[in-house]
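Trainee: Submitted below is the structure of interest, expressed as structure tokens.
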């Protein structure tokens, strides 16, 4: 990784991660608008195909050399990246965006919990859990939530956890350029699946520009930024900071879909933001991960 990335201030990866999450939320809103045209698998195919082309053109990954011990994590990174996209888009066909994001977040939350070493880290995880608990419709509306969609969102969360863990080891040497190889692996698996299910509509001229925008907002930009953050932040800090995702999804729904938030939901968002801020304020520069400890 270039020396400039290695010497970046401790707060900069946090800002980079927040920008990546905001980009993903914008891309998710746009992607859902394409579902009536090509379906969730088709949007996944567009996102990965076009996003991979952008990443390959920018990073020129054929010049990279990966050590033998990095190849298996790289494979897991690519497969989990594709699985996370595919399962999440399938889930939001039948589950509201905010609920799907909250359920998907169980993956990075588990990473934060199991990577915790200090009592103060556990406090931030508990705050994030409380926020997620009150964001989910656990009262009368839960019976109206599609269980299959919820299961798909949880599956996306599991892929997200693998993405975090494998991404740190796979990207330790080449940083954000690694995402181009990971995206290529994901595309080789999931683009054919999506193309078969979407049919000829996938490549219609009116769909391609929107698909390109989704690819930039949801793949090329955020995953490149996340790879920088992954290799510069402790596992627990990265996982807890991702608690901003459900909050951003809820705010996005309020702005673009006209959804209103109850006082309890506002408190839940406050708890999640507090967890993210607490994790940020207690991050220690010397604790940045150089090699992932999986024990």
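For all residues, glycine too, the Cβ spot is worked out from N, Cα and C.
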Trainee: Using the annotation in Swiss-Prot, determine whether residue 9 and residue 222 are placed on a common side of the membrane.
Mentor: yes
Trainee: If we call contact 3 or more Cβ pairs under 8 Å (sequence gap 6 or more), are the transmembrane segment (147-167) and the transmembrane segment (39-59) touching?
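Mentor: These two segments do not touch.
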Trainee: In the predicted model, what is the mean pLDDT computed over the topological domain 'Periplasmic' (197-200)?
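Mentor: Across the residues of the topological domain 'Periplasmic' (197-200) the model's pLDDT averages 85 on the 0 to 100 scale.
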Trainee: Taking DSSP states H, G and I as helix and E and B as strand, how many residues of the topological domain 'Cytoplasmic' (60-71) are helix, strand and coil?
Mentor: 7 helix, 0 strand, 5 coil
